[in-house]
Protein chains: 2
Amino acid sequence: MKIITAEQFALEKDNTRQQSEHDIDQAVLEIIKEVRKNGDDALRRYTEKFDGVNIDKLIVTEEEFSEAGELVTSEFSSALQQAKQNISEFHQAQKEQSWFLNKSGGIMLGQKVTALEKVGVYIPGGKAAYPSSVLMNVIPAKLAGVEKIAIATPPQSNGKINPNVLVAAKEAGADIVYKLGGAQAIAALAYGTESVGKVAKIVGPGNAFVARAKKWVFGDVAIDMIAGPSEICIVADETAPPAYIAADLLSQAEHDESASSICITTNRDLAEDIKAEIDKQTAGLERKDIIKKSLELNGRIIIAKNLMAAFDIVNKLAPEHLQLMIQSPTENIQFIKHAGAIFLGNYSPEPLGDYFAGPNHTLPTNGTAAFSSPLGVYDFVKKSSIISYSEAALQNASESIINLANTEGLTAHANSIQVRRGESNA
Amino acid sequence: MKIITAEQFALEKDNTRQQSEHDIDQAVLEIIKEVRKNGDDALRRYTEKFDGVNIDKLIVTEEEFSEAGELVTSEFSSALQQAKQNISEFHQAQKEQSWFLNKSGGIMLGQKVTALEKVGVYIPGGKAAYPSSVLMNVIPAKLAGVEKIAIATPPQSNGKINPNVLVAAKEAGADIVYKLGGAQAIAALAYGTESVGKVAKIVGPGNAFVARAKKWVFGDVAIDMIAGPSEICIVADETAPPAYIAADLLSQAEHDESASSICITTNRDLAEDIKAEIDKQTAGLERKDIIKKSLELNGRIIIAKNLMAAFDIVNKLAPEHLQLMIQSPTENIQFIKHAGAIFLGNYSPEPLGDYFAGPNHTLPTNGTAAFSSPLGVYDFVKKSSIISYSEAALQNASESIINLANTEGLTAHANSIQVRRGESNA
């Protein structure tokens, strides 16, 4: 783990975001074309090719759900239910109401909030399994009032879906689970096939193929975001225990080699202590090979001259996860402009948010927290404006509307007002 | 104007959305590459090529703003100010607050709302000029608290920007106006050049090149939506005056040949009357050539057997603009799932919303109202989650978090909780 200054870090960050995605795009576009053309046949062909398994029925059956229920431990079920309760409680607070306002003269304006009808949730699978992602993506959609929530997740080599994922899907309220992964799953959800219903929006994490496929279908359907590698940034002062900081950086680094684990501190002694703790703890961790590579590539401890300088770096990074392990974290929220989630104090480590506390773990990565939000109930609704004018109110406004329409050269727009004054120019 | 049945209409709509955008994409990608590489030089070169004018200074000067102020009429200024007041009042009601909730045992969760820092607004120009689009895009950004709002709009052949657009920019509170159009403007806003500051989000309407450029830079910056041709759908019963309906359909048709003007009615006599009114009014309208082509291609009067059947067609279309010119429009809002804006009654024609009433005229087109919202204050803010747990609260939650992390094979995540229990597995 390198310890560097803020100035050195600024130099390193230049131009790291440019990557060629040309090869992936070629493959992804071919897959999308094939799925649109050949439907389920193409899906089965790609599932055999990429997941190594021949799937006849693409939809998980009730029997498979029951079987999964038998296979999970009671400890897991209990933890899942507690997490579900916390996630539901937080997202409940995000729900928006339709509203209207009456103005004098017979004018009513409003905003109607309506749930999306059908949503697709992508959940990575194969060797790994992420029941937490199921909860985090399905629960807000359910609370928003989405009528049909479909999960797509790649099958294991035995043709089954991981039981923990299936139990989470049932618990969260998903309506259907497809045994589908990769770009072919995204294409199927976006355009529909014989077995897969077309959805209005696709959400959920995935590898580079899934991410690029989402970018390509965007516009035909809505998508949540193009997720990149996961990031943590910890701002720490001398009140933070180095063992905790090290453990949190390591938890991020275990995701994959491109995950980014950064600590910014005002205290050089603390930096040295963190470094020592990292070496000590890494040795005992299962995923130490990934962790070491990840830290070497994207792990940094940055020395900032004071807290304000640290926050300045944070706002430039716009990190996905930000931990404030400092004397008065809550008082300092005001200085944070860009971060997906902000964790306060020494007992709010990122895994608390990943699994349990309630706020969504689907967060903007790769600097996009500068313009994007965590996944939320607001991602599963959309708004319609409402305009109602009385005859008198329209007459009052008519001169201005006619002037503005004619100014833009749109005389038929003016005519629409003029006919209502009994003076069509047509 | 064709009168058809709901069944005939269903057949017509099949497969109309597929278009080859390959040629445009090639050109757009080349422009983006050039602007990223050669900055202002590339911008000047493209402005000469596409706008036919050699621009030295890409930024509108204070003198040019003053000059514009002298050139506009007092009627226009007054109409603009009234529109601004209505737009501000409606969008003010969209503002969201940060919130938090305290849970027992020392838990605080919250959602912080923060404005985007810099936003770019594209305004079409050249021969046409759209001051209304300036208000509709800049005012919500300003109300959201965006620090820097930049407009890009192509210069006229004399190298100037239309004075009405400049006055609207000043009135709405834009900070800077660039003389730039097309894909080169989008590239400059997305990546920055010597003269143009990089923004976090690009909004605003534009032609196919602008739309495709926005699609391509999406991910590196946020964008509002990929706007397609404009649409109106009017549901009318026998209480609606055919002259009004005809005028409103014509106002939509004058936009361009690909604009779509649809009326759905339960009354065949009304349909015939509307058709006659359309012929009568079209003859006197300035833009009658565009209107005739547009109506021929995409103008339809559809006979539905009852109102519920009409609403069913509406929800499948998900139109940008919906007018309910029926006996009890407000009572029937409940049946509308998908529409960008809903206009109620005989005195709420679309141009009222385009220019004046207050709700945004930037609306989801081409069926995307099924998953998208009108432009609003919510497009110029983003959220950060806040998580704060006490030591006791984390201890209480620790078993569940450790179980869920280990279930997903993320043992360093479990370790982050375990070190806080004094029992690291590392």
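The backbone N, Cα and C atoms fix where each Cβ goes, glycine too.
When Cβ atoms from all protein chains are considered, those within 10 Å of B:Y122 (NAD(+) binding site) total 30, not counting its own. Annotated NAD(+) binding site per TrEMBL: B:Y122, B:Q184, B:N207, in sequence order.
TrEMBL lists B:S230, B:Q252, B:H255, B:H321, B:D354, B:E408, B:H413 with the feature substrate binding site. Shown in sequence order, B:S230, B:E231, B:I232, B:C233, B:Q252, B:A339, B:G340, B:A341, B:F343, B:E350, B:G353, B:L363 are the residues of the chain, 6+ apart in sequence, with a C-beta less than 8 angstroms from the C-beta of B:H321 (substrate binding site).
Annotated Zn(2+) binding site per TrEMBL: B:Q252, B:H255, B:D354, B:H413, in sequence order. Of all the Cβ atoms in the protein chains shown, 21 others lie within 10 Å of the Cβ of B:H255 (substrate binding site).
DSSP assigns B:E320 (active site, proton acceptor) to coil in the three-state reduction, outside any helix or strand. Neighbours of B:E320 (active site, proton acceptor), defined as other CB atoms within 10 A of its CB across all chains, total 29. Feature annotation from TrEMBL assigns active site, proton acceptor to B:E320 (among others).
Under the heading active site, proton acceptor, TrEMBL lists B:H321 (among others).
Under the three-state DSSP scheme, B:Q184 (NAD(+) binding site) falls in the helix class. Excluding the listed site residues B:Y122, B:Q184, B:N207, the same chain places B:P124, B:A152, B:P154, B:L180, B:G181, B:G182, B:A183, B:A185, B:I186, B:G206, B:F209, B:V210, B:A213 with Cβ atoms within 8 Å of the centre of the NAD(+) site Cβ atoms. With every protein chain in view, the residue among the binding-site residues B:D354, B:E408 whose Cβ has the most Cβ partners within 10 Å turns out to be B:D354. For the pair formed by B:H255 (substrate binding site) and B:Q184 (NAD(+) binding site), distance between Cα atoms is given as 24 Å, rounded to the nearest Å. Annotation note: B:Y122 (NAD(+) binding site) sits in a strand segment as assigned by DSSP. DSSP classifies B:H255 (substrate binding site) as coil under the three-state reduction.
When the C-beta distance to chain A is held to under 8 angstroms, none of the recorded positions B:Y122, B:E320, B:H321 remains.
Long-range C-beta contacts of B:N207 (NAD(+) binding site), restricted to its own chain and to partners at least six residues apart, with a cutoff below 8 Å, comprise B:P124, B:G182. On a Cα basis, B:E320 (active site, proton acceptor) lies 28 Å away from B:Q184 (NAD(+) binding site). The two recorded residues, B:E408 (substrate binding site) and B:Y122 (NAD(+) binding site), have Cα atoms 45 Å apart.
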